[in-house]
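The next block holds one structure in the form of structure tokens; read it before the comments.
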Amino acid sequence: MAEESESKQSAVESMMSKISEKIHGHDSSSDSDSDHEKPGSASTVQAKIFRLFGRERPVHHVLGGGKPADVFLWRNKKISAGVLGGATAIWVLFELIEYHLLTLICHISILCLALLFLWSNAHTFIRKTPPRIPEVHLPEEPFVQVASALTIEFNRALKLLRDIASGRNLKEFLMVIAACWVLSIVGSWCHFLTLFYISFVLLHTVPVLYEKYEDKVDPFAEKAMIEIKKQYAVFDAKVLSKIPKGPLKAKKV
């Protein structure tokens, strides 16, 4: 009898241990499943975050990366401040003081040539070595690269204007017309140099501020884009849909 009771107790203990192992195994599997679900849910939340202009890369990559992006985002404060200060000095000279470019170049050339000429002839009296005027040689490769990049951009702009003028996308056509109209109004307010300087200052301020406060700016931009889409839908329903359109020609394969 004692042996039977001991065997029953051992069987009960083994059953209890198996049940507890199953319970703990189920808990651990559920924990692991929840751990696997957490990054997925975080990734889905990350994917749902609205970014201005639909970008998926950082602002530094959107601006092209490299040194120009470093200057615009103030990665090196001395260089950025120097570039912005130089642009401000040019704007003050030509816009506020109304100095002319050709006059400025001639005056700088006269001053430099006069100083070098006097120093070259008076070094015997001053008992100093004559100035070493270096030979300046401009390499062709940077100018060729800049010209090639500008050519590519101009060709893209001409292709875009051609596609818009062909009547394929009414939305892009209206956007370009509105942009040109706004630029014409702004151009009537100020000179080209002032407009260029304002654009230059905005390039040095807006990207760095947006990069710093993008988590606060993007929700407002999302609301603005939703409102713009609503207004465009209303305009499309009331105006654009009522414009008569000619028969579409069959596209050639």
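Glycine is no exception: its Cβ is also placed from the backbone N, Cα and C atoms.
As given in TrEMBL:
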- 1-40: region 'Disordered' (REGION)
- 19-39: compositional bias 'Basic and acidic residues' (COMPBIAS)
- 68-253: domain 'Reticulon' (DOMAIN)
- 79-94: transmembrane segment (TRANSMEM)
- 100-119: transmembrane segment (TRANSMEM)
- 173-200: transmembrane segment (TRANSMEM)
Sort out the residues at least 6 away from either end of the transmembrane segment (79-94), same chain, that have Cβ-Cβ distances under 8 Å to it, and list them.
70-72, 100-101, 104, 193-194, 197, 200-201, 204
Per-region confidence, the domain 'Reticulon' (68-253) (mean pLDDT, whole number):
82
